[in-house]
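Scroll down for the structure; my scribbles are underneath it.
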Amino acid sequence: MKQGHALFVTGTDTGVGKTMVTGLLTALFAMGGYDAIPYKPVQSGGIRSDLGLVAEDVEFYRSLYPLPYDQNTLCTYCMEPALSPHLAALQTGVCIEPEHIAGHLQKLRASHDFVFVEGAGGLAVPLQEDERGIYMTVDLIERLRLPLLLVTHPGLGTINHTILTASYAQIRGIPILGIIVNRMPLAPGEMEQDNVRMISKLTELPVLGTFPEMEQKEPKALRTRLHELHKCINLALLLERLEQAEEKLMQTKGTEEH
Ligand SMILES: Nc1ncnc2c1ncn2[C@@H]1O[C@H](COP(=O)(O)OP(=O)(O)OP(=O)(O)O)[C@@H](O)[C@H]1O
Ligand SMILES: [Mg+2]
């Protein structure tokens, strides 16, 4: 019987390192003996290849950690235009159905201990615009009832980006497990150190991990560093907070159903 935990990896912006963190988490949990799988519900900027449309993020997960699954198992909607998903969907005639994603995730949860769901961009990203209105990433997270893991950067501007993202999730009642600071310089200066202290203090969230700026970021080089990277993240605290958040989400579900 699989544990079926799941969390949503979001970031303060596109390109902040969600795919890197999702891929590393999958590999690090697998190293710890868990059956973990990454999942990208919506990818825009898909790459055309002999095999059809390929989601770049999924390719990265698979190159970092051998996963015996094809693209369609790890990504529900892959669209070619490198645009906001709502526009990529409009241009390619795709209708992004939250219920379809929810069903896909449910299947993955039933057959794995952990599913790491990577969003496209940040929380305020439109996924679909139609006569019903605009469906946002934050709406999908709410529908999937997932807690968040927030990936941020340690550089200038991060206090503002991180507080805004955390506040938006909190306003929507979405639990946040904690923050992962990605691309910490090898020799952090006073600014980076103070930024990390400030975002944790202002959000009242724990920093669950800090991944360094990696000179060699090719999957092969990363694989050789997994033991060292294992020390960069507090997996025990992440698990503890995940269990607490799942309990809270179950309780709110119960309340809503009554
Ligand atoms: N710790 C790191 N050290 C060095 N380079 C990094 C690190 N993390 C991410 N990068 C690089 O930054 C770029 C963006 O990272 P990544 O693809 O993980 O971002 P993302 O948030 O998933 O972006 P998207 O919103 O497009 O999905 C990539 O080229 C990646 O190799
Ligand atoms: Mg990504």
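In case you wondered, yes, glycine gets a Cβ from its N, Cα and C as well.
Going by what TrEMBL states, the Mg(2+) site holds THR19, GLU118, and the candidate of ASP57, ASP70, ASP194 recorded there is ASP57.
GLY121 (ATP binding site) sits 10 Å from SER44 (substrate binding site), taking the Cα positions as reference. It is LYS40 that, of the recorded positions LYS40, ARG183, has its Cβ surrounded by the most other Cβ atoms within 10 Å. Comparing ARG183 (ATP binding site) with THR19 (Mg(2+) binding site), their Cα atoms are 13 Å apart once rounded.
Other residues of the chain with a Cβ within 8 Å of the Cβ centroid of THR19, ASP57, GLU118, the Mg(2+) site, are VAL9, LYS18, THR22, GLY23, PRO38, LYS40, GLN43, GLU56, VAL58, PHE60, TYR61.
In the three-state DSSP assignment, the secondary structure recorded for THR19 (Mg(2+) binding site) is helix. In this structure, ASP57 is the one among the binding-site residues ASP57, GLU118 with the smallest number of other Cβ atoms inside 10 Å of its Cβ.
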